[in-house]
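Listed in Swiss-Prot for this protein:
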- 26-37: compositional bias 'Basic and acidic residues' (COMPBIAS)
- 43-54: compositional bias 'Polar residues' (COMPBIAS)
- 77-86: compositional bias 'Low complexity' (COMPBIAS)
- 93-112: compositional bias 'Polar residues' (COMPBIAS)
- 132-146: compositional bias 'Polar residues' (COMPBIAS)
- His371: active site, proton acceptor (ACT_SITE)
- 441-479: region 'Ubiquitin-binding domain (UBD)' (REGION)
- Asp465: site 'Ubiquitin-binding' (SITE)
- Leu468, Ala469: site 'Ubiquitin-binding' (SITE)
- 469-498: compositional bias 'Low complexity' (COMPBIAS)
- Leu472: site 'Ubiquitin-binding' (SITE)
- 511-520: compositional bias 'Basic and acidic residues' (COMPBIAS)
Amino acid sequence: MADSCADTVDGEIKGFSEGQQLNITKNEDLEQTKPQKEAIANTEESSACVSQIKQDLAPCKDPPTTTTASLEDDAKATSSASVTSKSQDESEVINSQSYTPSQSEATPSFSMASLEFSEENNGVPPDGPLSSAKSARDGNQVSVQENEGAVAGAMRPAEPTMPAYYFVKWITWKEKKTAVITQSENGPCPLIAIMNILLLRWKVKFPAQTEVVTTEELMAHLGECVLSIKPREKAEGMELNFQQNMSDAMAVLPKLSTGLDVNVRFTGVSDFEYTPECIVFDLLDIPLYHGWLVDPQSPEVVSAVGKLSYNQLVEKIIEFKHSTDSSQVSEGLIAEQFLESTATQLSYHGLCELNTTAKEGELSVFFRNNHFSTMIKHKGHLYLLVTDQGFLQEESVVWESLHNVEGDGNFCDSDFRLCHPSQKPSAAAAQPSTQQQQQMQIDQDYLVAMSLQQEQGEAPGPLSDLELARQLQQEEYQQPQTQQQQQQQPSAGQMRGQATSPQGGQRRREKKEETDCCIL
């Protein structure tokens, strides 16, 4: 290999070796990088750099495919410079190939194809990519990680929600097999309540033997019902209003699968703050009721609540509680007490108004405790459709009575007759053990003893009651034993008479004295 020396011509450093040409091109636009260019243009440092390269290439017989240099001095001089690659036409190196650094190299290395040194945001070609001033190895690792993250983010969209399935319960409704959708713990109750009304009206029908249904299927059936509605009046203004309502309803339908935001007013069972969600109920002719009303016999509460909605009342309570006016503070406390006393979102006055407002045989949606239920009025009584998934196999359990605010109604079948959920006790439960029987008998005897003492006018005491109960229990257990002894020993009756009659004891002592006598 012939030795060659690097020459400096007009700011260009050219080094020649066998089959290798190094070309460091000066950028005409780099006016602010004179310190770096002067450092690179230093003849002694450049000569040392090229000589080091030749020494590295000397052992190679074939033209090397890569060229490296440990430009420690240059790296110190250009530590603040950023390395940017030019386009392929400007950065082509004669008879050279790209260099990929190995991980074992400890010194910073980079490709010698074409280098441009520039300060931050200066001298960067408008179409050239921006690269780091660190080693190519570090830069490659960073870029690979960033690319992997970008690809992973692009290929990992928002996780699709799995379609929800709901079990279908078949009941006999007005002598017809009718499907009812059951609800899990966190199911979309507005959608289920509306769809159950459409099923009970036979507006929607499922194929026979259907066991599960998806949310998409429910939404499709509901959309068909909404689109099949026709305007009741042919007036031009009414048609335009109907078309607008249809458009709003179709936009609201997806919300039914996640829940509706309704804002009740405490003035009537049908009073809700108007929201686009209410349009669906209006179009499908489904009444929406609630029973959260203020008792008119409480004028202070009526004055504090007024005609406000729930959200407005909460804001009023917060504002009045921090007021400096004592009357406002008192009014806020009264309103807060009303919400606390009706935490079940149902008052007795509201229940009475609900029973009066609902029509006989009318299917409606009842809102309570942030839950939507299917309700019907039958012979003057209100019933809620049982949609709990736990009663899926209980075909006879269809309705639950709504007659108090506590929510402990009675279960009824499809004909509104009282029924009880079937319970299949186990064999152990069907046959209680002897210990359980004894405990039950003791409890029964204790109650009998209590009643006897009350009849005699004695004050019951815990100790005497317990003793009396034990005595009764003991006598009851001794009865079969005494009967057996009477059959085996006829004199057993006399021994029992000794414990109860003093005369019997006297007669027995007389007999004993007679037996002690002996005849000579």
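Note: Cβ is positioned from N, Cα and C throughout, glycine not excepted.
Fair warning: this is a prediction, and the values are worked out from it, not measured in the lab.
Recorded residues Leu472 (site 'Ubiquitin-binding') and the residue listed as 'active site, proton acceptor' have their alpha carbons 54 Å apart, per Cα-Cα distance. The C-beta environment of His371 (active site, proton acceptor), restricted to residues of the same chain at least 6 apart in sequence and closer than 8 Å, consists of Cys189. Its own atom aside, the Cβ of Leu472 (site 'Ubiquitin-binding') has 18 Cβ atoms within 10 angstroms in the protein chains shown. This prediction places the mean pLDDT of the region 'Ubiquitin-binding domain (UBD)' (441-479) at 63.
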